[in-house]
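Features of the protein shown, as given by Swiss-Prot:
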- His114: active site, proton acceptor (ACT_SITE)
- Ala18, Thr22, Phe29, Arg30, Gln96, Val98, Asp99, His114, Ser181, Ser182, Asn206, Ile225: NAD(+) binding site (BINDING)
- Phe29, Val98, Asp99: nicotinamide binding site (BINDING)
- Cys122, Cys125, Cys141, Cys143: Zn(2+) binding site (BINDING)
- 1-236: domain 'Deacetylase sirtuin-type' (DOMAIN)
Amino acid sequence: MIKDWLQESNYTVIFTGAGMSTESGLPDFRSANTGLWKQHDPSKIASIDTLNNNVETFIDFYRERVLKVKEYGPHQGHYILAEWEKQGLVHSIVTQNVDGFHQASGSKIVHELHGTLQKLHCQSCGKEYSSKEYVENEYHCDCGGVLRPSIILFGEMLPQEAFQTAFNDAEKADLFVVLGSSLTVSPANQIPLIAKENGAKLVIVNQDPTPYDQYADMTISDQKIGEFLRSISNEG
């Protein structure tokens with residue numbers, strides 16, 4: 001049935017959350033408080049306040065996150081989505097993830113709602129750098145400013161352009177597929193609802209129930225995302 005929806009859709013949007021990344025082995029953000037960080041709340045470290053007032057702790061935390069992302073990579077689900085994009089079956093990927101795995105697998109049209117750990121920029125002048133600077137223990141810009149990941153921290157404004165594009169894509173969607181998101185973070189969790197209100201079929205693939213399951217045309221909770229996407233590819 002979903003294969004038919006995919007082939008019949010003129011505009012398909014994929015929306016991915018933490019569950020997409022954890023299938024690659026990457027711990028989710030909320031699980032980041034292990035080891036050295038066990039006594040810390042990640043949401044407090046990942047804040048503009050910590051960057052401004054406790055920069056060493058901030059850099060230590062994010063260097064570890066950058067190194068962790070570089071240990072892992074895309075799984076079969078990422079590659080299937082990239083292939084579907086090439087085939088014209090997927091028209092937009094909207095992601096809450098910051099690991100860059102969609103782009104690494106070959107997807108071109110990716111809207112990152114919360115930024116990316118693959119890039120850094122200077123907090124003072126805005127100059128962009130690769131995250132390899134953190135790996136090589138380089139934490140300052142040529143101007144002397146602090147290098148920080150190009151992600152949205154707690155206490156910062158959300159990226160208006162990425163969100164507006166995501167809202168526009170949701171309005172156009174015939175098929176909207178949620179992969180691995182609990183749909184509890186606002187305003188990102190409004191995006192699937194916009195698609196549904198504009199006539200899209202809504203599919204939610206997530207291990208745990210979400211607040212929007214009641215609006216979905218289909219929910220899947222007993223399959224891993226990669227297996228689910230592979231099963232669709234193998235249909236027919």
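Note: Cβ is positioned from N, Cα and C throughout, glycine not excepted.
Feature map: annotations from Swiss-Prot on the structure.
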residue : record                       : CB count, 10 Å
Ala18   : NAD(+) binding site          : 21
Gln96   : NAD(+) binding site          : 22
Val98   : nicotinamide binding site    : 22
His114  : active site, proton acceptor : 18
Cys122  : Zn(2+) binding site          : 18
Cys125  : Zn(2+) binding site          : 11
Cys141  : Zn(2+) binding site          : 21
Cys143  : Zn(2+) binding site          : 10
Ser181  : NAD(+) binding site          : 26
Asn206  : NAD(+) binding site          : 22
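DSSP assigns Cys122 (Zn(2+) binding site) to a strand.
When pLDDT values are averaged over the domain 'Deacetylase sirtuin-type' (1-236), the model yields 94.
Here the C-alpha separation of Cys143 (Zn(2+) binding site) and Val98 (nicotinamide binding site) works out to 26 Å.
Shown in sequence order, Gln123, Ser124, Gly126, Lys127, His140, Asp142, Gly144, Gly145, Leu147 are the same-chain residues outside Cys122, Cys125, Cys141, Cys143 whose Cβ sits within 8 Å of the Cβ centre of the Zn(2+) site. Recorded residues Val98 (nicotinamide binding site) and Asn206 (NAD(+) binding site) have their alpha carbons 19 Å apart, per Cα-Cα distance. In sequence order, the binding-site residues near Gln96 (NAD(+) binding site) (Cα within 10 Å of its Cα) amount to none of Cys122, Cys125, Cys141.
A helical conformation is recorded for Ala18 (NAD(+) binding site) in the three-state DSSP classification.
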